[in-house]
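J.: What TrEMBL shows for this protein is this:
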- 1-34: region 'Disordered' (REGION)
- 41-61: transmembrane segment (TRANSMEM)
- 73-93: transmembrane segment (TRANSMEM)
- 113-136: transmembrane segment (TRANSMEM)
- 148-167: transmembrane segment (TRANSMEM)
- 251-272: transmembrane segment (TRANSMEM)
- 293-319: transmembrane segment (TRANSMEM)
- 339-361: transmembrane segment (TRANSMEM)
- 381-403: transmembrane segment (TRANSMEM)
- 508-529: transmembrane segment (TRANSMEM)
- 549-576: transmembrane segment (TRANSMEM)
Amino acid sequence: MGSGHKADKTSLASSRTHSLSHQHHPSPPASKEVWKKGGRMFSILLAVHLALLACTLVSSGAFEKIAVHDYDVFFLLTVMMLIVIVWIIFYLVSTSRSPDAILCKDSHAGPVWLRGGLILFAIFSLVMDVFKIGYYSSFYSCLSAIKIIYPIVQAIFVIVQTYFLWISAKDCVHAHLNVTRCGLMLTLTTNLAVWMSAVTDESVHKAHSKLKKNVTEEIFKWLMKAGMRTGSTEECNCNSQICQIFKNGYFWLYPFNIEYSLFASAMVYVMWKNVGRFIDHHSHHIHRLKFRLFRRTFFVGIVLGLIILVSGLGVLIVYEVRVNSSHEASKKNEALTMYYIFNIVCLGLMSLVCIGGSVIYRFDKRDMDRHKNPTRTLDVALLMGAALGQYAISYYSIVAIVASTARDTISALNLTYALLMIAQHTFQNIFIIEGLHRQPPKEDHKRDLRQKDPYGLTFVNVNAVSLRVPDSGSTVTPSALPSVEAIHPSELVQSLAGPKKMNWRRKFLREISMFLLLSNIILWIMPAFGARPQFDNDKELNFYGDSMWPAIVDICLPFGIFYRMHAVASLLEVYIMS
């Protein structure tokens, strides 16, 4: 009688275990879409044509002799933003509320730190639009009305898009598939067009201020964007103090608007990839990780990172003051020497730390995450692609320094800086990509023991060799339970001691991630807000000429600046996953 009762309990536990496993892991339903690639291809073709049209107008506006005016570019961008606003309202009101429109959500898409960064850049973008409205309103009588309408529409576009991405970034849409794909691709193309316009305007402004002493007026006209054309500036002079404040203010806020457009483009692309996608619950695990900044850390990475950050801000201020306000060559060389020394020390430390982190990963026992993840795939592609901009500038600098006959301290520092920049980007990409592909650690090891023990035993006697069943006086060996994995005492001791052995690796990886995060912030701030030795150092300018070298820097440097900010977001994810 007792053995029969024991067998019934064992079979009941086994059946419950199997039923729970089937309940929590449903198979994904079959897709109703006939040709998924066809819908994607149509939306891609739409995006390509719009992107080429926007690129043609924006690039044509950078030339003085081409009859493309600034209001032509502003008109196109305004129309594109208005269409996107209408589609987002349609999505929020109709598509997302349709029956069975959102059957599942991608837990990896739109993490909270990425959405928080998007809101931060959106706030600064709104302030930039206010400054731009104030600047153009100062002499509205001699300007086209589209110049004032454009920043107003852009402000509305930023507000609507930020709200849309905050609440819908994780959606896997299954309604209005082709319309949703085209709408997302139109949103992506609009953000890239705004980014191209902002990069062109900001690069022209920086080149105008940095190259004023070195290039001729003809080169200036080649670089001038349509919004800064000579004819319009002669007719509409910004003479008042408030007008100068608005003008300088929105130029200083351009880096935030540039990063906002790129962050939004990345999030929209992930949404586009998730249209019509079913999440496989067998392989898609939701990890609820908590961001604990001041726990489980030695504070070494935070302290060193803050030292680098504060020192870099001091170097940036001194560099800007000495290079821009002083006409003496000696002070300019001192500023360049200080800038190169700081960056050499910072890049050298970051390279060593990245190598150390990669070595620690060799001892990490966590499994690699090989599941399909569009967000991680995009992160890796952006890291590798954006690094090409800084690679190009560094290799151009190396060729110019090695091929030139002059040998001085500035050239040696510049060569070291270029070599370390290549090394640091390479080692940091390896560290970040390896961290993104690691499984997050298990927060509670008692949960593993519960999964192995279907009877809910929380406290287990290590000295007990057999597993006892509640409400039964007889002893049952682990082999008698077909659905329960046998727990050996040595395995139990190893699982309980495991967190202590693994803890030092997690702490070191957190310190490395936080140090790299803060270091990348200052390396983003310095070139984004004016510290650009590529224009102040005459070696590359004299070697490549007044037209080729500024064009190389203007094309490649925005990618290098974006790389730093994207590395910050990726390192924050690596920190939380460690």
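Just so you know, the numbers here start at 1 and follow the chain as drawn.
Glycine is no exception: its Cβ is also placed from the backbone N, Cα and C atoms.
Structural setting of the listed features?
T.: Away from its own ends, the transmembrane segment (41-61) comes close to residues 68-70, 72-73, 76-77, 80, 178, 181-182, 184-186, 188-189, 192-193, 196-197, 200, 225-227, 272 of its chain (Cβ-Cβ under 8 Å, at least six residues beyond either end).
Non-local neighbours of the transmembrane segment (251-272) in the same chain are 43, 106, 109-110, 114-115, 117-118, 120-122, 124-125, 127-128, 131, 158, 161-162, 165, 168-169, 171, 173, 181, 184-185, 187-188, 191-192, 194-195, 198-199, 201-202, 205, 374-375, 378, 382, 528-529, 558, 561-562, 565-566, 569; each lies 6+ residues outside the stretch with a CB under 8 Å from one of its CB atoms.
Remote same-chain residues near the transmembrane segment (339-361) are listed as 304, 308, 311-312, 315, 319, 410, 413-414, 416-417, 420-421, 423-424, 427-428, 430-431, 434-435, 438, 505, 508-509, 512-513, 515-516, 519, 522-523, 531, 533 (criterion: CB distance under 8 Å, separation of at least six residues from the stretch ends).
For the transmembrane segment (508-529), the residues of the chain that approach it from at least six positions outside its boundaries are 252, 255, 296-298, 300-302, 304-306, 308-309, 312-313, 315-316, 343, 346, 349-350, 353-354, 356-357, 360-361, 364, 428, 431, 435, 557, 560-561, 564-565, 567-568, 571-572, 574-575, 578, judged by C-beta separation under 8 angstroms.
Within the chain carrying the transmembrane segment (549-576), a Cβ under 8 angstroms from the stretch's Cβ atoms is held by residues 111, 113-114, 117, 199, 203-204, 207, 211, 215, 219, 223, 255, 258-259, 262-263, 266, 289, 291, 379, 382-383, 385-390, 392-393, 396, 425, 428, 431-432, 435-436, 509-510, 513-514, 516-517, 520-521, 523-524, 527-528, 532, 534-535, 540-541, 543, all 6 or more beyond its ends.
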J.: Check the transmembrane segment (73-93) against each of 113-136, 148-167, 381-403 and return whichever range has the most CB pairs under 8 Å.
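T.: Most contacts with the transmembrane segment (73-93): 148-167.
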J.: Could you pull out which residues elsewhere in the chain have a CB under 8 Å from any CB of the transmembrane segment (381-403), counting only those six or more residues past its ends?
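T.: Contacts of the transmembrane segment (381-403) (Cβ under 8 Å, skipping residues fewer than 6 from its ends): 266, 411, 414-415, 418-419, 421-422, 425, 429, 432-433, 534, 539-540, 543-544, 549, 552-553, 555-560, 562-563, 566-567, 570.
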